[in-house]
Structure formats: structure tokens, C-alpha cells
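Okay, so here's the structure we're looking at.
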């Protein structure tokens with residue numbers, strides 16, 4: 001029933017329209033679908049065989065991962081704690097997270113300009129028995145170790 005229809009299709013060498021029937025049109029569609037499926041299969045097989053090339057990183061790549069709720073910056077992970085604690089308790093809390101109080105360095109200064117710049121944090125630096133440094137607005141201030149402040153852990 002459908003195989004008796006004729007369609008204007010391709011143009012031959014003499015620039016005349018060729019008339020195609022249903023069988024020829026269906027054959028052309030099957031050939032095109034076969035080519036598409038074949039190229040996709042070849043691509044999948046190639047990617048499967050050479051997957052190692054896609055997974056390796058160059059040694060120049062600086063890729064690192066931080067735990068959930070930690071902030072990654074310059075190959076260091078920082079944790080901004082929301083609980084105020086004194087210097088000793090803050091140090092112990094960081095140890096429980098397998099980290100230390102953040103060191104007072106340029107990376108931390110740059111990071112605090114972006115995150116929580118108006119808060120006061122303990123950093124890893126003792127002045128003497130009862131004092132340590134705290135960080136606020138990218139500047140360091142001398143504080144009593146017994147004063148409860150927020151703190152930043154790093155690892």
C-alpha cells in the first residue's frame with residue numbers, strides 16, 4: 001500500500017530530479033541510521049579502551065579536595081567554625097577534626113577578605129602564656145587566650 005508512492009528526492013548528474021519510491025527512501029534512512037550508530041559505537045569503544053588517558057592529571061595540575069563544609073584555597077582546606085571558644089578549646093577542636101588552628105599567613109589574610117571579614121578568629125600563634133593573636137578585618141590583634149572567639153581550622 002505505501003510502497004507504491006513516489007517521492008522527488010535526489011538530483012542526478014544531468015541536474016534532473018530523481019524519483020524515489022518508498023523502498024529506496026527507507027533503505028537510505030536505514031543506511032544513515034546505521035552510520036550514526038556505528039560512529040557512536042566506535043567512539044564508545046575508543047573511550048573505553050583509552051580511558052586512562054582521560055583520567056590522568058598533569059603534574060602541573062593543582063587539584064585537591066576538601067571535606068564537606070571546608071573551603072579550599074591555595075592547596076589548603078579551611079574550616080570556619082561558628083562556635084566561640086577560648087584558644088585552648090579551639091586548638092583541641094581543630095585536633096578532633098585532624099587539623100590545626102590556621103596559621104597566620106598571607107593566604108589566610110586573603111581568604112578572610114572574602115569570607116567573614118568582620119568576625120574575630122583565633123589563629124595559630126601564641127605570644128606568651130596568656131595571650132595569642134586573633135584575626136579581624138585582615139589584621140592581627142593581641143587577645144587573651146581565655147576570651148571565647150570563633151576560630152579557623154586548616155589542613
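Positions of Cβ are set from backbone N, Cα and C atoms, glycine also.
Looking at 10-30, 31-51, the range tied to transmembrane segment in Swiss-Prot is 31-51. For residue 86 (N-linked glycosylation site), the count of additional Cβ atoms within 10 Å of its Cβ stands at 17 [all protein chains shown].
Annotation for the disulfide-bonded residues 77, 153: lowest Cβ count within 10 Å of the residue's own Cβ, 77. Neighbour counts of Cβ atoms within 10 Å were taken for the disulfide-bonded residues 66, 94; the minimum is at 66. Residue environment of residue 82 (N-linked glycosylation site) contains 8 other Cβ atoms, counted within 10 Å of its Cβ in all protein chains. If you check the recorded positions 86, 94, 98 against residue 77 (disulfide bond), none has a Cα inside 10 Å of its Cα.
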